[in-house]
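Going by TrEMBL, these are the annotated features:
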type     : residues  : note
DOMAIN   : A:76-266  : domain 'ABC transmembrane type-1'
TRANSMEM : A:15-38   : transmembrane segment
TRANSMEM : A:75-99   : transmembrane segment
TRANSMEM : A:111-132 : transmembrane segment
TRANSMEM : A:144-165 : transmembrane segment
TRANSMEM : A:245-266 : transmembrane segment
């Protein structure tokens, strides 16, 4: 039925295709849909058998309870702050280093470029032990600086900014140089204004990466008031001993809502951002 | 041709690179090197005193049945998530590659799980699979009259983290399969059809071979995902249990360091993982573009 020649289709076939796609979409979204549904059910309804697929009425108590249980106000603000700082850091440093690699010739350029790319092989998980000791020794344990510092530079962002800057025609730089435009003015007044879409895409991806980060915040932040969104999810499980699913799901949904908003607003950039990560050459 | 660039500003590139390199050296290179160093020492819990033990930590690890079990579990986990994940993703990508009005809307829906964090994915699936209020068991009961203790049975807990991981990473795989499918020119299919090939034959003999570079890339990326990114899923869903059945290497490493406070052993585990990443990456660069042919 799914011809590989991709249409055109008869009306009957179109309807059949839509039906299949709707069913699969429902299955893909099932965990989220049921999560939202149960978050709006009172305890009695959740634990009645058979389980209800829809709430009887709009019921938001679980949201209020979850919000207070893990002080979501603080946690969400912390996460927005941390994700924004990391995003800005990665973009800022990525633009500068990408520019260095795209528009300058200097000694050890190849080696330094390789040294940046090599860090792709050093994920957080393999350096977490010494990094934790190092950050603690700097006196930055359980602090915002300790949380964000290790994330501020990124090989991917550097690489993608370089790739983008290389696509900007050489003639623009030549005329800028002839006009006596210095390297920094060239970057800020000519290159960056031509990079809006790329910066937006990288901003979205980098924001979400930090928003979704779990291992490092879990290790470095102990103070409940300083914790981030993903730790909030874990706290929901730890705090509600009897597995109050309504509250847990309400909290989970609140943690995922910013992700969904950012993703849906910028899904074009997001998909492009991921897809370009695959380009190695 | 003369390469024009800012030659006269010889210090500028280093200036531009210095913030990036400060971060990379301090927080990426230094800790990685330190992992190797730390792994050669034994440290008393909370103690400052370190005793040099050479490769003893590694010897202990490879003689420790718990660690070998963790390695085995991780290998199985990787094999199953990749096989199941890629098969599903490819089928969905083929469906999403139809030239249909509104197809973009469906594509967006299918990508959503990838934007969601492992922690949230774990949380949603713990609920869905819980035997009391979850819908999955209810539906299984309705359809096959069976009740599954998802997270308290070793086998099903292992299956549960595979399901959650496959679900979460599907969007990523679909994006790349879709890109791969769209890069195959229609003329290839047309000529195959003229030759009288059926849909299944075309898919098996043309689509899959032509997608091999994409598949290869996705296998590499999924190895990295399943080794590292599944930490959040495991921590929320099973905490490595029951009976260590989901104690995959990254979770074991975390527990060694932050629950058992054995930095030496934990560092040795980091170095083993680091070696794995480097092998996989070298493999990727060596065979990625040569052995897999694209037309």
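Sequential numbering from 1, following the chain as shown.
Just so you know, glycine gets a Cβ as well, placed from its N, Cα and C.
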Which stretch from A:15-38, A:75-99, A:144-165 shares the most C-beta pairs under 8 Å with the transmembrane segment (A:245-266)? A:15-38
Would you call the transmembrane segment (A:75-99) and the transmembrane segment (A:15-38) in contact, using three or more Cβ pairs under 8 Å, pairs 6 or more apart in sequence? no
Looking only at residues six or more beyond either end of the transmembrane segment (A:144-165), which have a C-beta under 8 A from one in the stretch? 81-82, 85-86, 89-91, 93-95, 97-99, 101-103, 116-120, 124, 131, 135-136, 138, 191, 195, 198, 202, 206, 210, 213, 216-217, 220-221, 226, 228, 276-277, 279
